[in-house]
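As given in Swiss-Prot:
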type: DOMAIN; residues: 3-211; note: domain 'Glutamine amidotransferase type-1'
type: ACT_SITE; residues: C81; note: active site, nucleophile
type: ACT_SITE; residues: H186; note: active site
type: ACT_SITE; residues: E188; note: active site
Amino acid sequence: MSTIAVIDYDMGNLHSVCKGLEKAGATPKITDSSIEIDKADAVILPGVGSFDPAVQHLRTRNLEIPIKQVIASGKPFLGICLGLQILFESSEEGQEPGLGIFAGKVCRFKSEPGLTIPQMGWNKLQFTQPEHLLWSEIGSQPWVYFVHSYYVDPTDSQVTAATVTHGHQTVTAAVGKDNLIAVQFHPEKSSTAGLKILSNFVSKVIPKNLALAS
């Protein structure tokens, strides 16, 4: 059974993520310890809230370097919601530099007549990396749950693993590269499709990346 470090930096409720992981057969461990993060089979960086406080909390807990080391080591890593955004270089929402794992920035949805910002509720994913193991056996264009006013805009469009269309704006909803995958939506709130995504991370993504790293 895989042990997954769920990083705690005071940015959101971690327990719903942990429940989803337990249903998928993993053992989640909420932690802000670099030692526990290093020992885990995989790492999840969740998050709800604003960009600047998130990166400030990570840095005051001395978690920036351990996160970068884990990703560089090849260990499976999943970012969720704000945990996706802070992997980028900067955000229109704040002044703090992000972690810079991905080149690009975080942008706010542009206003449109009749468009609600934040996007809050269910929307369809369009896969741009349909062969990614995270999407295995889910079917095309699954409905997943979003709550966000900002989206990531990668410099390299090849890292985009899925998109979502809100109003007339089609934006990145997930990125994937090597051992790193991160999603804007909340799999833990996305019913059957979301639980399957977490299950795929546990049963397919983790074993593959651990095998490659060994």
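Residue 1 is the first one shown; counting continues down the chain.
Keep in mind that glycine also has a Cβ here, set from the backbone N, Cα and C atoms.
The model shown is predicted, which means the values in this text are computed figures rather than measured ones.
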If one looks at the chain holding H186 (active site), which residues at least 6 apart in sequence have a CB under 8 angstroms from its CB?
I80, C81, V144, Y145, F146, V147, G194
Mean predicted confidence [pLDDT] for the domain 'Glutamine amidotransferase type-1' (3-211):
95
Around the Cβ of E188 (active site), the count of other Cβ atoms that are within 10 Å:
23
